[in-house]
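Notes to accompany the following structure.
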Amino acid sequence: MTFILGLTGSIGMGKSTTSGLFREHGIPVHDADASVHALYRGRAVAPIGAAFPGVIRDGAVDRQALSAAVLGRPDALRRLEAVIHPLVRETELAFLHRCRETGAGLAVLDVPLLLETRGESRCDAVLVVSAPADVQRQRVLARPEMTEDKFAAIMARQMPDEQKRACAHFIVDTARGVLAARRQVGSILSALAGRPGRGGQSVNRNEAETHA
Ligand SMILES: CC(C)(COP(=O)(O)OP(=O)(O)OC[C@H]1O[C@@H](n2cnc3c(N)ncnc32)[C@H](O)[C@@H]1O)[C@@H](O)C(=O)NCCC(=O)NCCS
Ligand SMILES: Nc1ncnc2c1ncn2[C@@H]1O[C@H](COP(=O)(O)OP(=O)(O)OP(=O)(O)O)[C@@H](O)[C@H]1O
């Protein structure tokens, strides 16, 4: 049985970077953000175009236009999520099916809204990627196209980092550099070695060592 590790964290905390450290060990990772982006070039174009007129450009969803249409408008963001989340869930299920068929002992689901959407119920354990608020802010505001308003609108839809950490079986601190994060991932893999998956029944948090 494949052990399902849910990897999450707020915007800019280092989810993609940390997922990459699991990939270095040959562990399969499903990246929900990447799945959304692929859907915006394929199956989601028609339903998103119907729900949000004007956001399709050159046959694909224009993320900047969509962002402007939904961020800061909680109802619109919920509407977008109602369209896109079931499609992402389908790609995730297909990924997990492949992991089981190939006998993978561990699979990682990188899902930004894992805890906000109670997705932990389909994981065997939860890893929260975290950094101090000032580091997060500096990272996010350094991105092109990012503004204070956009950052605030995204944060408003996300569970505070402190609450996320309280739900974690494992924590990776990304403020200490990639080498330190690589070491933390290594120790999580050691802690999980040989642990059988339970097909989505969560591990009791006390059963797993929390690595801060
Ligand atoms: C709002 C959109 C258009 C902005 O696009 P953009 O290219 O600027 O951001 P990107 O997709 O790379 O997401 C970056 C980060 O924003 C945060 N984020 C994305 N969607 C959401 C959301 N619905 N609620 C809160 N935070 C979100 C996450 O931390 C994510 O890692 C885009 O994020 C989107 O389509 N979101 C809806 C899909 C979704 O809910 N994705 C998250 C999990 S599946
Ligand atoms: N362990 C680390 N050490 C140093 N810098 C890091 C580390 N992890 C992430 N970063 C830096 O932080 C920034 C955000 O990282 P990343 O893109 O992995 O975050 P994310 O959580 O996936 O972001 P988003 O929520 O936007 O998808 C990047 O500039 C990355 O280089």
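Quick reminder: no glycine exception, Cβ is built from N, Cα and C everywhere.
Note that the structure is predicted; figures quoted are calculated from it, not measured.
Counting every protein chain shown, 14 other Cβ atoms lie within 10 Å of the Cβ of Ser16 (ATP binding site). Per TrEMBL, the feature ATP binding site maps to Gly12, Met13, Gly14, Lys15, Ser16, Thr17.
The Cβ neighbour count for Thr17 (ATP binding site), using a 10 Å radius over every protein chain in view, is 14. Applying an 8 A CB threshold to same-chain residues 6+ apart, the list for Met13 (ATP binding site) reads Val129, Ser130, Ala131, Gln136, Asp161, Thr174.
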